[in-house]
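Everything on this sheet refers to the single structure shown next.
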Amino acid sequence: MTDEIPENEGAGRRKLPGAGLAQGLATTFKTMVTKSHTRQYPDVAPELPPRTRGVIALIEENCTSCMLCARECPDWCIYIDSHKETIPAPTAGGRERSRNVLDRFAIDFSLCMYCGICIEVCPFDALEWSPEFEYAEYDIREMLHEKPRLGQWVESVPPPPALDDAAEDPKEISLAQKAAAKKQAALDAAAQQEGTADGDA
Ligand code: SF4
Ligand code: SF4
């Protein structure tokens with residue numbers, strides 16, 4: 001069975017000739033008189049959100065060469081070389097210890113997709129986002145940033161946002177506060193004892 005289309009259906013929706021043209025011209029005119037949002041970059045620097053993912057900065061002192069970031073990077077664009085160094089025992093008869101020394105840390109930004117996984121997984125906060133983005137190169141090989149260059153980006157890393165007022169203090173702070181309160185209580189008790197001894201004398 002076929003549906004019959006009424007002869008006059010749609011007649012009420014017919015537009016006047018030239019109505020589409022008039023509507024198009026009205027849109028063009030409206031756009032012409034609306035304030036433009038074009039930013040005059042590079043003459044005017046863009047106002048970027050503080051946590052913009054521009055480039056990755058490396059805080060070398062925090063890096064333990066654990067390789068976690070390189071293993072988790074979906075693009076395999078983090079290159080790390082390190083060697084082990086033996087630290088002599090601090091006391092006679094003690095055990096020697098070993099630690100990793102970072103020889104090379106590089107990120108190839110021509111491959112990086114700015115997912116931030118490496119920053120999230122780093123257990124030592126050695127990687128941070130910097131909002132810097134002006135590092136385009138004519139030669140793609142220059143997009144491989146080695147350790148010194150990654151370290152230079154640290155200067156532009158914004159400070160972390162303040163904690164929420166209702167947030168609990170970090171564990172380290174509450175432990176330090178407890179230790180300080182305990183020490184103060186011991187000092188007060190000692191001072192009180194001393195005062196009592198002086199009074200008795
Ligand atoms: S941001 Fe993502 S792709 Fe880029 S280096 Fe980190 S993990 Fe790899
Ligand atoms: S995860 Fe962090 S500490 Fe481990 S190698 Fe990467 S940057 Fe260094």
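Every residue, even glycine, has its Cβ placed from backbone N, Cα and C.
Just so you know, TrEMBL annotations never went through curation; they're auto-generated.
Record check, TrEMBL: [4Fe-4S] cluster 1 site residues include Cys63, Cys66, Cys69, and the candidate from Cys115, Cys122 also listed there is Cys122. Among the ranges 72-91, 132-151, 152-171, the stretch that TrEMBL annotates as region 'Disordered' is 152-171. Taking the C-alpha atom of Cys122 ([4Fe-4S] cluster 1 binding site) as reference, the shortest distance to any of the binding-site residues Cys73, Cys112, Cys115 belongs to Cys73. Annotation for Cys66 ([4Fe-4S] cluster 1 binding site): spatial neighbours Asn100, Pro123, Phe124, criterion Cβ-Cβ under 8 Å with sequence separation of six or more. If one looks beyond the domain '4Fe-4S ferredoxin-type' (54-83) by at least 6 residues along the same chain, the residues whose Cβ comes under 8 Å of a Cβ in the stretch are 48, 99-109, 111-113, 115, 117-119, 121-133, 135, 145, 147, 150-154, 156-157.
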